[in-house]
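What TrEMBL records for 6-124 is domain 'Response regulatory'. Under the heading 4-aspartylphosphate, TrEMBL lists 57. Annotation source TrEMBL lists domain 'CheB-type methylesterase' at 163-354. According to TrEMBL, the active site annotation covers 175, 202, 298.
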């Protein structure tokens, strides 16, 4: 049977309806079932078009993308929605709100020099999300890099006894489903951690700043978008800026964060592996590594390198992950020490570092 994900495109601008429709038609596991120029029109068309996945513009007149998303979820909660957002701070904040309201993920409208370039960028961004929905609908026929079949008790191993005081840095990698997962995790951490926390969340520019501001508002720790030259401080959280890599370097007896503009790694920028490998090169740094929800394999090779210096690795479990690609890859490689549900991740980090 030729199974496909039924996709609907909703955008008030004809140009982006055409671009997103073209992208949908190019994706092999997609059937484009229709378009709409407004949220109201989309809601009227959903019963007849029966989409599995909607590409939804954030900013539209009359009924914006957030309100449309909420009504879609009321009408049919099983429909997955990917928000399509412009590159600016207002859109970044609104787009992050949409993730709390049930959007699967978001993509940023590219600032491309041509329509062809824009189509290529969006195709690369949207195809993995289609794979996620395909697997949800049809099982293990989707590309295995996105998510993995459930594994047996191999993931459960005796927990090493760990002296919490040995950790002087926490490094964390996360992607799809990350903003909500980080919000829930930091909401559960009621105290300042005794070491710096460095996070790579796969996101485009501007969105990471909004994410940091949101997390900072609910945490006793200071949470910020990292800047070049920052000195990692205990009890402070640094999020890699979108579109750049974050590394840690030793300058004499002092550590500093460096923000670098090198090519993507694992198709990601920022990339988890880039941060983890830089930490693996440092001396006398005992780190706790954490890999949470996300598609792909970014972070696996970084954890492998950190294992040489004795990292203790936590991964998020499959049931609580939006996509079990990144943590599943670490599990498949046998590099994790504990597998935890999201609701226990924050508490376990506190235990290990107290």
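Cβ atoms here come from the backbone N, Cα and C positions, even for glycine.
Remember, predicted model here, so these are calculated numbers, not experimental data.
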Counts of helix, strand and coil residues, the domain 'Response regulatory' (6-124), according to DSSP: 57 helix, 27 strand, 35 coil
Nearest of the recorded positions (57, 175, 298) to residue 202 (active site) - Cα to Cα: 175
C-alpha spacing of the residue listed as '4-aspartylphosphate' relative to residue 175 (active site), in angstrom: 21
Predicted model, mean pLDDT over the domain 'Response regulatory' (6-124): 93
Whole-number Å value for how far residue 298 (active site) lies from the residue listed as '4-aspartylphosphate' (Cα to Cα): 28
Cβ atoms near the residue listed as '4-aspartylphosphate' (within 10 Å, other residues, all chains): 27
Those residues of the chain, 6+ apart, with a Cβ under 8 Å from that of residue 298 (active site): 173, 175, 202, 265, 266, 268, 271, 272, 273, 326
